[in-house]
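Q: Dropping a structure here in structure tokens format, bear with me for questions.
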Ligand SMILES: [Zn+2]
């Protein structure tokens, strides 16, 4: 533990004091600030080693230590309190040793606020064709040099310990949400066993929080069994995993609400891979606190700007002479300065266009969650949901039935 903070400079004293403070404190606490009297929505303050985080929160995803199209400084200016780093990419290149030398991922990317790192497992299953899961770990072929690599729960935690993230994710046995049969049950039980190996492997439990990931596919019995087992472990937080993988939305929300029904009230609930505005609002109503998704930044690179009434495809001809900002109500640096027409023209010639829209889209997500949170605190969340739906869809006939049903299940009736 001392190795990463013993390296020279005056700043070291400051971080040493901070480290002592955190060593004697629990590295995470959750205070429920307000609860919706109608639905399961709640507003909390999640205190993490680098700063407090207001929840519900959307966490933008960074890759290789930098957000695509946005700097750490800009992310800070938008009010982002926590973002994600990809363990898989960082573990391969530049490698955990180099990042440890830079005082962890915070030092490496010069980010003063909180970081969450994933286990690296999901990327392997989704990005790497050749991967094989055994009890020992996930075997895969490196896309960089073709070598066979075995990622074990111990190695995943070791890499995340080197990265120094505030929240680390357990290595889990991931199966696609569309897979059915005995493989789902096997993966669920293995994920519980791997959680125990991850807990044992964590070298920094006093300053790095390990989250469990609830699995069990779309089978309520398996989800419940996983919830029962994992909540017996005293981990700082829980993620709901294995969803958002192309399953029916009706199955999706039922698994989410089953999970939040059985997760402890005093710990954060992180729904992985969810980032569409509608899904965020519905899943807050179902009791989730934290979300991440590559969607807002990925879609920005294709010229799609998120707005309260859906999205603008800025490459389309209709914006060539449109001198309005993307969203007249948005206070982001892009909307304050540039018109749709300018961005439309820029997309033809310059990657700066992607950068401008990325900033807008991240700001949209963060603002949406701030507004959601404020409505919960003001005890007006159901009204907020109704106005949100009216703005997002031309008429109530266009409301997706899964969203209507999900909200109805927590007493928010749209029709
Ligand atoms: Zn904007």
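Quick reminder: no glycine exception, Cβ is built from N, Cα and C everywhere.
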Q: Name the one residue among 262, 356, 360 that TrEMBL lists for the same Zn(2+) site as 330, 332, 335.
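A: Checking 262, 356, 360 against TrEMBL: the Zn(2+) site match is 360.
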Q: In TrEMBL, which of 297-301, 302-306, 307-311, 312-316 is tagged region 'RNA binding'?
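A: Of the candidate stretches, TrEMBL labels 297-301 as region 'RNA binding'.
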Q: According to TrEMBL, which listed range is region 'RNA binding': 266-272, 273-279, 280-286, 287-293?
A: 273-279
Q: May I ask for the distance between residue 215 (substrate binding site) and residue 335 (Zn(2+) binding site), taken between their Cα atoms and rounded to an integer number of Å?
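A: About 40 Å separates the two Cα atoms.
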Q: State the Cα to Cα distance, in Å, between residue 119 (substrate binding site) and residue 330 (Zn(2+) binding site), rounded to an integer.
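A: For residue 119 (substrate binding site) versus residue 330 (Zn(2+) binding site), the Cα atoms are 35 Å apart.
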Q: How many other Cβ atoms are found within 10 Å of the Cβ atom of residue 119 (substrate binding site), counting all protein chains shown?
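A: I get 28 for this one.
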Q: Fewest other C-beta atoms within 10 angstroms of its own C-beta: which of the binding-site residues 330, 332, 335 fits that?
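A: Least crowded of the binding-site residues 330, 332, 335, by Cβ count within 10 Å, is 330.
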Q: Give the distance between the Cα atoms of residue 292 (active site, nucleophile) and residue 242 (substrate binding site), rounded to the nearest whole Å.
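A: That comes out at 14 Å between the alpha carbons.
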